[in-house]
Amino acid sequence: MRFNRKIILFVLLIAIASTYSFIFFNNTEKIATTGDIAFHFSRIKGLASVFSGPINFTTFNSYGGGVNFFYPYLTLFPAVIFYWITHNLILSYMLYVWVLNVCTILITFYYGRKFFKRVDAAFLFSCFYTFYGYRMIDIYQRSAISESIALTIMPVVLYYTYRLLFEKKNCVIPLAVSMSLLIYTHALFTFMSVIVIGLLFIGSLLAKRKKKENVLDLFVGMAKAVGWTILLTAYVWYPMLQQVLHQSINRPFRTNLQERGVNIFESLFGAMTNDLTTFTMGTIGVVSLVLPLFFLKRFERRERVIYFCAVATWFLSTNVFPWFLFQNTPIQLIQFPWRILGFQVLFDH
């Protein structure tokens with residue numbers, strides 16, 4: 001009986017993800033004109049011949065750009081396999097988005113159950129996470145497919161980070177593997193994740209008074225995870241490092257972080273109206289911010305910390321935060337403060 005329930009739940013999650021995948025793809029002509037889709041189509045088509053050489057001359061106006069040196073592509077490769085089979089970029093993209101959404105809802109359910117210890121909580125978490133406003137914007141408006149893939153991997157990274165830092169579990173290898181997948185997906189999102197993990201690491205040191213042995217164990221565990229990650233991702237960073245050391249790399253433009261932050265009132269209004277043409281957390285996100293206010297007294301310390309992180313990450317996405325202070329620092333690499341909503345989606349649910 002329990003086995004049948006698992007099958008029913010498994011099928012239900014796939015059905016939800018499938019409906020979510022194709023309901024937005026009712027007009028294939030629009031798909032070809034959204035956000036960064038032309039860039040990613042060129043990446044997929046170029047990767048189709050990657051085994052014959054890293055430089056591809058059939059895309060990007062036959063320029064022969066070395067995009068693969070700087071833009072990791074391992075997790076995009078299933079789309080390339082679909083392209084080999086279908087010879088149709090739009091169909092390949094649609095199939096890949098479907099696979100991505102199915103993986104997202106199943107992964108978040110699996111790790112949600114491990115974290116919450118409840119099936120119902122895990123089910124709601126997986127559905128809310130998959131349908132989150134910013135994630136929908138990433139896929140269907142911006143066509144930022146690599147960042148969307150990173151959003152699928154990120155819950156795994158933060159779960160094992162939490163286990164290692166706060167529950168003192170030996171999660172070095174799972175953390176290193178999941179972090180490596182993130183690096184093989186999106187370098188900028190990896191940079192942001194490193195900052196978040198660093199803050200969690202500091203928070204774990206300050207949370208309670210720890211014995212010297214426990215502090216040492218934390219440092220050793222994180223050092224091992226970093227070491228394994230560096231080793232596993234040499235295929236990405238070594239060629240990139242070679243290019244950076246042997247030629248000057250020019251950035252096309254620098255954004256003004258303060259100007260790119262979302263107006264706080266537009267953020268709230270866009271979320272309440274579920275306006276997916278703006279960079280918001282969507283209706284689910286704003287409900288997840290407001291509803292817990294009525295239950296804060298019942299929350300355990302862990303839930304309160306998570307809620308604080310949800311509020312903080314939303315606040316950081318707005319122009320109320322003094323982003324001008326970080327304009328001339330490495331933080332400027334994030335380009336758009338609303339990218340932080342990619343982390344708010346996790347804490348918010």
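Glycine is no exception: its Cβ is also placed from the backbone N, Cα and C atoms.
Noted in TrEMBL for the protein shown:
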{"type": "TRANSMEM", "residues": "7-25", "note": "transmembrane segment"}
{"type": "TRANSMEM", "residues": "69-86", "note": "transmembrane segment"}
{"type": "TRANSMEM", "residues": "93-112", "note": "transmembrane segment"}
{"type": "TRANSMEM", "residues": "118-137", "note": "transmembrane segment"}
{"type": "TRANSMEM", "residues": "144-162", "note": "transmembrane segment"}
{"type": "TRANSMEM", "residues": "182-206", "note": "transmembrane segment"}
{"type": "TRANSMEM", "residues": "218-238", "note": "transmembrane segment"}
{"type": "TRANSMEM", "residues": "276-296", "note": "transmembrane segment"}
{"type": "TRANSMEM", "residues": "305-326", "note": "transmembrane segment"}
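Proximity of the transmembrane segment (276-296) to the transmembrane segment (118-137) is established through 3 or more Cβ-Cβ distances under 8 Å for residue pairs spaced 6 or more apart.
Panel annotation: around the transmembrane segment (144-162), residues 35-36, 40, 71-72, 75-76, 79, 93, 96-97, 100, 103-104, 107-108, 111-112, 114-115, 129, 135, 138, 171, 174-175, 178-179, 181-182, 185-186, 189-190, 193, 196-197, 200, 339, 342-343, 345-346 of the same chain, lying at least six beyond its termini, place a Cβ under 8 Å from a Cβ of the stretch.
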